[in-house]
Each structure stands twice: as C-alpha cells, then as structure tokens.
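Enquirer: Can you read through this structure? Questions will come right after.
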Amino acid sequence: MLKCHPGFNTKLELLKYGIQFVYFIVGLGFHFAVIKVLHKKWSVYSKYPFLKLYYVDSILSVLIILLDLVLIRVFNYIPPLCQWVLQEFPEPSQLISILFIEQYLQFVKSLIFCFMVVNRANNVICVKSFGTIQSCIIPHVIVFCILCPLLGVWTAFLSDSRFVPFQGGFIHETMMEYHWITVSQFSVIISSITIVTVCICSVISMLCISRTHAENKHTEQSLTASALAMSIFYVFALSMNIYCQKAHASSLEMLEFWKALTAFAFDIILVCPPVIMLCLNVRLRINVFSVDTRPTSPK
C-alpha cells in the first residue's frame, strides 16, 4: 500500500491551505459580484460578445474554485487525511476519476479565453457589422469549448484512478486503460494553442486598439485592455504548465514543487480576471459597487 510522505508539518500545511482559502474566497466574492451585475443587466451587457464569453468564463472559475476549496486543495495540504484516504482507497477506483473534472473545466476555460482574445482582435480589425455575426456564433463557440476538451479527458473518466502522495497530502492519478492521448499530453496541446492564439491576438489588439470600429469606442477599448491584462497571466500560467509537464525533475521534491507552483499560477487566472474587469471597466465597477439602475453601457 502507498504511504504518505513523512516529515511534513501539519501546521505549515494547514497554513498553506489557509492562505489559498483566503484568496479563493476573495476571488469568489468578486466573481459573484460581477456575475450578479451581468445577469441583472443582461439586456445591456449581452450586446458585447466578449462579455458573453466572460460570463461563461467567470462561472467556470467559480466551479473550479469551489472544487479546489472543498476537495482538491484539502486533499493536497491536510496531512491527517492522507493516511485515512489511502486506507479507504487502497486500490485504483473509477470513483477517484471524478476528480479529473477539474482538468476538464480548466481546458474549457482556456478555450473560452482563446475566443475572448479572438473577439478583441476581430473588433479592432473588422468592420462594425462583424459584431452582429459574432453575437450569432457565440452559442456555437460555447458548445464547441464544452465538447472539445472531452477528447482529452474521456479516457481519464472511464479509467480507474488512484491516490498518490503529494507533499503532506495526496493527488489523484489515472491508470490510463485506453490507448489514447493522456490528460498531460492534452494539457500541453491546449496550453500551447492558447498561448499562440493569445500572443497573436494580443499583438493585433495592441497595434490596432486606437482604430476600434464601434459606436462606443471607449467601451470597446476598455474591454480590449482587460483582455490584454488577462493575457499576461494566462501566458504565464500556461507556460508554467507546459514546463511542468515536459520537464524532467531531478527529484520527487522538485516535481512536487513545480506542480504546486503551477497550481498557484493557475490560481492567478482564477482570481484576478474579475479584479481586472472592475479596474478597467468604469460602468461595470459602478454597477457592482453602487446602486445604479440606469441601463447604461459597460465603459
């Protein structure tokens, strides 16, 4: 039977979890505030395809954060649970594979952001009428982003998985019973596609942001600035993910260190986007932090 790593200080591991708990709760507060405003004034904000996609992205972030708070990070950072769980699940089980829902949601979130930056690039280089076309295809884009990641995770869901020690706790690992691309390999593919798309579209947006074709130029420029700011964090987090998946760590401790650092990098793109949106979009910020019932545009 697998054994938990000895030597991890319970108080220190609980402190690590506590720090993550705090910034996740803060992030949830911002997400719920923005989602509430977007939903309440949907007739106004739904005119912007970017905000439709951001609405979905924010919901995905909430789901991932809740999953991390309740299960994933609890398993990772609370040593007393390690031995008990390894005793309860001494053998691989398909029940454990349910935890791969986190990776699936991360893949969906990355693809959604790809289309968010594509929207911004289209906005600065295409004619005004293209916005109507974008609004029509957004539902199809969302369906595509939801279904596409299943190509990389269906094997994990259908295969048995097991718990393996990780720092003071443990993580889940699939036994991979099918001859297909692994979750790690698919993660590298999705991350690479996202990084390339984000970099290309961000360069286009930066070069052409002053030539935005829209009636509400200030609104469109603020949304583009928000996408550019988020892009920095996405490129950083996904680059870390690729390095962690492809690099060969010299020791188990280094492997665990890079996995923990990669998880923290992804935490940034879970928590920061609503803060960025509120900082760079005046009308959205006003609607969130004050009583404002007028149907105005999200500057």
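From the backbone N, Cα and C atoms, a Cβ is placed for every residue, glycine too.
Model, not experiment: these values are computed from the prediction.
In case it's useful when we look at the structure, here is the feature table from Swiss-Prot:
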type: TRANSMEM; residues: 18-38; note: transmembrane segment
type: TRANSMEM; residues: 59-79; note: transmembrane segment
type: TRANSMEM; residues: 98-118; note: transmembrane segment
type: TRANSMEM; residues: 137-157; note: transmembrane segment
type: TRANSMEM; residues: 189-209; note: transmembrane segment
type: TRANSMEM; residues: 223-243; note: transmembrane segment
type: TRANSMEM; residues: 260-280; note: transmembrane segment
Enquirer: Within this structure, do the transmembrane segment (260-280) and the transmembrane segment (18-38) have 3 or more Cβ pairs under 8 angstroms, counting pairs 6 or more apart in sequence?
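Expert: The transmembrane segment (260-280) and the transmembrane segment (18-38): touching, yes.
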Enquirer: So what's near the transmembrane segment (223-243) in sequence-distant terms, Cβ-Cβ under 8 Å and 6+ beyond its ends?
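Expert: Apart from its flanks, the transmembrane segment (223-243) reaches 48, 50-51, 110, 113, 116-117, 119-120, 123-124, 187-188, 191-192, 194-195, 198-199, 202, 205-206, 209, 212, 258, 261-262, 265-266, 268-269, 272-273, 276-277, 280-281, 298.
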